[in-house]
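The block underneath contains the structure these notes are about, expressed in structure tokens.
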Amino acid sequence: MSPLRKTVPEFLAHLKSLPISKIASNDVLTICVGNESADMDSIASAITYSYCQYIYNEGTYSEEKKKGSFIVPIIDIPREDLSLRRDVMYVLEKLKIKEEELFFIEDLKSLKQNVSQGTELNSYLVDNNDTPKNLKNYIDNVVGIIDHHFDLQKHLDAEPRIVKVSGSCSSLVFNYWYEKLQGDREVVMNIAPLLMGAILIDTSNMRRKVEESDKLAIERCQAVLSGAVNEVSAQGLEDSSEFYKEIKSRKNDIKGFSVSDILKKDYKQFNFQGKGHKGLEIGLSSIVKRMSWLFNEHGGEADFVNQCRRFQAERGLDVLVLLTSWRKAGDSHRELVILGDSNVVRELIERVSDKLQLQLFGGNLDGGVAMFKQLNVEATRKQVVPYLEEAYSNLEE
């Protein structure tokens, strides 16, 4: 980078060093946050958006400069949970980003407590198009959105407001800033490992769920990388397939995790509203191993289910859903496990079974825990959540 610019780790370290009076500007504290699963895509999108906005503000891309105005990238988990994301840790190490330079939930709470009275908290949302439930008491205004999930039609006055189909939200974030920063080569080189890591993971190395936005982002990255052999070699990006394999192996490594760790590693929680009855508190955990592996690692089916029920109680959930996925011999496989009140479980499953092509292989609907093979392997949590929400909204009292 030029001597007047900061790299991503330098930018984050600089933010950490500033007093709150310098971070909050004109009685406004601004953050950028992904969704509560805090996966590679959410973390990469939040850091990239905040960093690129800093470069934009400090540069000559617009007459409307906002030097000294910062967006703080927030990772929507406790600091201690970052270690569960071994793929993210690997990519952060590539960029020489230290854990202590990152901002987590604890940091957001501290910032909110220490700003002067009357300071508003504005947020850009990435990999999400509504305020995360756990942050609703902190965020006053949503001022921008870039996301690739189902459009909830909220915060319609946000700017930018980009909600469109994409394999990875990071692709949308990158393309947005690539254009605003006029293809700045230095910036692309600086954020390439973060962006490519997220895009390659979300698209299975550009083989599945690839959209034009993903192709464009990768093409733009590779066009810059191809002219920087030494930098590319230093970052380990000469072979994107090898880079993907390294990340994927770490993402799939959950050996030694407790059941609670596995459930919260990639977790989202929702409140569904139904016809004339109370809301349904539902949590969904995406897991990279099949149920038989989980049983073998954690004392058998009964012990594993008991620990899931404990997690369910601790989170105040009416329903807990586990979505397992893995690949074998080039084929994708999925399972869906649901725990909760037997009547609610039965009603939900009856309404989504055809869409997800569910086949019972364990438990039973009357016992409040049922396990299914999910033959519709294209349906990820991104599709399962709207299916379940629609099913609950149609339940009669």
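Every residue, even glycine, has its Cβ placed from backbone N, Cα and C.
Feature annotation from Swiss-Prot assigns Mn(2+) binding site to ASP41, ASP127, HIS148. The Mg(2+) binding site annotation in Swiss-Prot covers ASP41, ASP127, HIS148 and rests on a large-scale study or a structure entry. Taken from Swiss-Prot, the feature ATP binding site covers HIS149, SER286, ARG381.
Distribution of Swiss-Prot features across the structure.
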residue: ASP41; record: Mn(2+) binding site; Cβ within 10 Å: 28
residue: ASP127; record: Mn(2+) binding site; Cβ within 10 Å: 30
residue: HIS148; record: Mn(2+) binding site; Cβ within 10 Å: 29
residue: HIS149; record: ATP binding site; Cβ within 10 Å: 18
residue: SER286; record: ATP binding site; Cβ within 10 Å: 19
residue: ARG381; record: ATP binding site; Cβ within 10 Å: 19
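When the Cα atoms are compared, HIS149 (ATP binding site) and ASP127 (Mn(2+) binding site) turn out to be 7 Å apart.
Within 8 Å of the Cβ centroid of the Mn(2+) site, not counting the listed residues ASP41, ASP127, HIS148, the chain contributes GLY34, ASN35, SER42, SER45, VAL126, ASN128, ASP147, HIS149, SER166, SER168, CYS169, SER170, LEU172, ALA198, ASP202.
Across the structure, SER286 (ATP binding site) and ASP127 (Mn(2+) binding site) are spaced 16 Å apart at their Cα atoms. Secondary structure at ASP127 (Mn(2+) binding site), as computed by DSSP, is coil. In sequence order, SER37, LYS268, LEU284, LEU323, THR380, LYS382, VAL384, VAL385 are the same-chain residues whose CB sits within 8 A of the CB centroid of HIS149, SER286, ARG381, the residues recorded for ATP being left out. Looking at HIS148 (Mn(2+) binding site) and ARG381 (ATP binding site), their Cα atoms lie 13 Å from each other.
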